[in-house]
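If you look up Swiss-Prot, you'll see 1-16 marked as region 'Required for protein stability', on the strength of similarity to another entry. What Swiss-Prot lists as FAD binding site is 8-11, 37-38, 43-45, 49-51, 163-164, THR182, ARG283, 312-313, 315-317. According to Swiss-Prot, the feature D-dopa binding site maps to GLN53, ARG283, GLY313, an assignment based on similarity to another entry. Annotated D-serine binding site per Swiss-Prot: TYR224, TYR228, ARG283, GLY313, in sequence order. Residues annotated as D-proline binding site in Swiss-Prot: TYR228, ARG283, GLY313.
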Amino acid sequence: MRVVVIGAGVIGLSTALCIHERYHSVLQPLDVKVYADRFTPFTTTDVAAGLWQPYTSEPSNPQEANWNQQTFNYLLSHIGSPNAANMGLTPVSGYNLFREAVPDPYWKDMVLGFRKLTPRELDMFPDYRYGWFNTSLILEGRKYLQWLTERLTERGVKFFLRKVESFEEVARGGADVIINCTGVWAGVLQPDPLLQPGRGQIIKVDAPWLKNFIITHDLERGIYNSPYIIPGLQAVTLGGTFQVGNWNEINNIQDHNTIWEGCCRLEPTLKDAKIVGEYTGFRPVRPQVRLEREQLRFGSSNTEVIHNYGHGGYGLTIHWGCALEVAKLFGKVLEERNLLTMPPSHL
C-alpha cells in the first residue's frame, strides 16, 4: 500500500505518524511518503505561538470539539515524560480578557483549573472588565515538527521537497491513497471557495520574566485581532492580527506597530524586551475543517483521497484528533479493499 501525504506542517506530519503507528504492523508493505514544497522552519506551524486553545465560540461541526479534546488528552499524557522537552511541550497558565461578560467557553472542562477572574486580578488589567484563568499547554511548532520528523524517519517514512501541481500527478506516480494536508494552499489542488488565508503577523521577544499567557478579546474586531502575549520555551510571542483574504507574506510595519503598542500597553515591561524575530503566516480559514474521503478517477483507476485541511488558527490545538480520524477513514479504505488482516492497534 503506497500512501502519499501532501503537506509537512503539523497536520501532515502528525497524520503520517498516526497512520504509520496504527497500520505498519497489520499492513505489509506500508510505504508512506511526505511531499511538500515547504518543510520546517518554513511552514505555517513554525510561526504559531503554540498555545492549546480553541476559538471561544462553539464549532459548527461538533466533531471538532471531540478532536480538540483528543488532542489535549494526547498532549497531556506526554507531560512528565522524557518526550515532553523534545516535543516542545510544557504546561502554561494565563488569562483571557474581555471588555464585557461573556459565556464560558465550551472547552472550559478540557483545560485545567478553569475559573473566572476575581476583581483583584482584573485590577491588573484596567482596560478589561471580565476574564478567565486556566492552565493549558504550550506546544512549540518548530520543535514539535522536528520531533515528528525524527519519529517518521525512524519508521522509514521518506520526505520529498517538491511542489505538487495536481492529485493526478501523485496518483499516476503510484499512490494508492493520497492524504491532502495542504492547509491554506489546498485550493491549488482542488478549488474550495470556502477556504481563505487568515494572515497573522507576530513578533518574538526575549522576555523570560513573563510566565503567563494573556489573550485579549475584542468581540467587534473578531478573533485574534487584539493583543495577545504567549510565552514559549525560548521566546515570547506577541500578536494581534487576523486578516482574512490577505495573501501578503511580507512583514508590515503598520501591523508591527499595532502589535507592539497594544502588547506594551497590556504588559509595560515588554518595552525593555529585545526583539529576536518577526514572522508572517497564513491560517487556513474555513467555516469548518474539511476531513473526508473522496474518490477521484484518473484514467482507468480510482484513487482514494482523504482531505484534512482548513484548521484555521488552531491546527496545533486539534491536530491529533484529526490525525486519529484520518486513520479511521484510512482503515475503512483498507477494509473495503480486503487488505486488513487484523484490527489496527490503538483505534
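Counting starts with 1 at the first residue shown.
Any Cβ shown, glycine's included, is placed from N, Cα and C.
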Cβ-Cβ neighbours of ALA8 (FAD binding site) (radius 10 Å): 29
Pairwise CA distance, ALA49 (FAD binding site) versus GLY313 (D-dopa binding site), rounded so that it is a whole Å: 10
Winner by Cβ contact number (other Cβ atoms within 10 Å) across the binding-site residues TYR224, TYR228: TYR228
Spatial separation of GLY313 (D-dopa binding site) from ALA8 (FAD binding site) - C-alpha basis, Å: 17
For the region 'Required for protein stability' (1-16), the number of residues DSSP places in helix, strand and coil: 7 helix, 5 strand, 4 coil
Candidate with the highest Cβ count within 10 Å, taken from the binding-site residues ILE11, ALA49: ILE11
Integer Cα-Cα distance in angstrom, TYR228 (D-serine binding site) to GLY313 (D-dopa binding site): 14
Segment-level pLDDT (mean, integer) for the region 'Required for protein stability' (1-16): 98
Candidates GLN53, TYR224, GLY313 (binding-site residues) - the one closest to LYS163 (FAD binding site) by CA: GLY313
Close binding-site residues near GLY313 (D-dopa binding site), where close means Cα within 10 Å, chosen from ILE11, THR43, TYR224, ARG283: TYR224, ARG283
Cβ-based neighbourhood (8 Å from the centroid) of the D-proline site, residues TYR228, ARG283, GLY313 excluded: ALA48, ALA49, GLY198, GLY200, ILE223, TYR224, GLY239, PHE242, GLY312, TYR314
Which of GLY313, GLY315, the listed binding-site residues, has fewest other Cβ atoms within 10 Å: GLY313
Cα separation, ARG283 (FAD binding site) to TYR224 (D-serine binding site) (Å, whole number): 11
TYR224, TYR228, ARG283, GLY313 excluded, remaining Cβ within 8 Å of their centroid (D-serine): GLY198, GLY200, ILE223, GLY239, PHE242
